[in-house]
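I have placed the structure first, in the form of structure tokens, so that the comments after it can refer back to it.
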Amino acid sequence: MALDVKKYPFIKSLDDELKKYGGGITLTDLLLNSTTLIDQAKDRIQKTKSGDELPHYVSYNEPVLVFYTTLLSLAILNDVKLIRRYAYAEAKQFRSLLHTENEENLLEISKLLDLKINRCDPIKFYLEKKRRIIQKEFCVHFIDYLKYTKDLKEDWKLSGQILHKGYVYLDKNQLIGLIAESIKSKIVEMIRPLNLKEIPEKLKSLIERRGIIPPCIENILAKEKLNEEEIRTLITFYIDIGKGLSGIVSIMKKYNVSNVEDLYRKYRGDKGTRYIVYSCAKMKQLGLCVSSCNVKNPLQLYFLSNE
């Protein structure tokens, strides 16, 4: 079965993806024409910062372009720690998909990542602690194994592996682990070569743009205790700007709100029931408006502040 590029967009080059738009079209051209891809990329980056799981790429209309737009965005932001966190989060997301793949697809992905892993004659051994027979049918030369696992934990030490005639034998879970580690390294490497001098200032501005927190939200954040409407306003605001559950829990911690997770699920809802932050008119009725911002909704100030 052929690999699904919608699940693993890194297996397709950006140049190949852009061919469907005709000659001469660049990613920059597409991004300057519409901010949808930038918004989706920034959402992935925000989820990384918040510690939330990244959505699978199959949820996007243009998964390959979202992938490369995110890499471009990270290169422009130029935050080494964030890049590493993102690569880790992506590897984790891809790893969950790898567990659903058959062995042929796993070996194909390994090949695309330049991992020298092969299917070998199965080797069986008795694991005394677990009192069962273990079978491993993938193998990699020990020199390559050391290279692939140099940044991994103790469990991956060569001394703890099955070594036979110069080859380390792996089971399916170990194979997936090496693929995920290779994906993480590949993502970091793919960000480095980007030539930032060739990126228009307008595009840099779109990616680097950070919204201003509205005065009404700042005023609520400054309080020591919150009433029900203030709690609702904060949670819906942060949901609407893309902050994940863990980030919202962290913000609400100081107010001793015990049911943040339940409120998050309630206000996030689905497409038919999702809540949005109150309009400025409603905020005035509730006594939560503290400034004349000349907008109809606090979200306008956040999203349009630096355009």
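Residue numbering: from 1, along the chain as shown.
Heads up, the Cβ atoms here are built off N, Cα and C, so glycines get one too.
Feature list (source: Swiss-Prot):
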type	residues	note
BINDING	C216, C280, C289, C293	[4Fe-4S] cluster binding site
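Cβ neighbours within 10 Å of C289 ([4Fe-4S] cluster binding site), excluding its own Cβ and spanning all shown chains: 19. Under the DSSP three-state reduction, C293 ([4Fe-4S] cluster binding site) is assigned to coil, being neither helix nor strand. Other residues of the chain with a Cβ within 8 Å of the Cβ centroid of C216, C280, C289, C293, the [4Fe-4S] cluster site, are P214, P215, M283, K284, L288, V290, S291, S292, V295, P298, L301. A helical conformation is recorded for C216 ([4Fe-4S] cluster binding site) in the three-state DSSP classification.
DSSP assigns C280 ([4Fe-4S] cluster binding site) to a helix in the three-state reduction. The Cβ of C280 ([4Fe-4S] cluster binding site) has 22 other Cβ atoms within 10 Å, all protein chains considered. Ranking the binding-site residues C216, C293 by the number of CB atoms within 10 A of their own CB puts C216 at the top.
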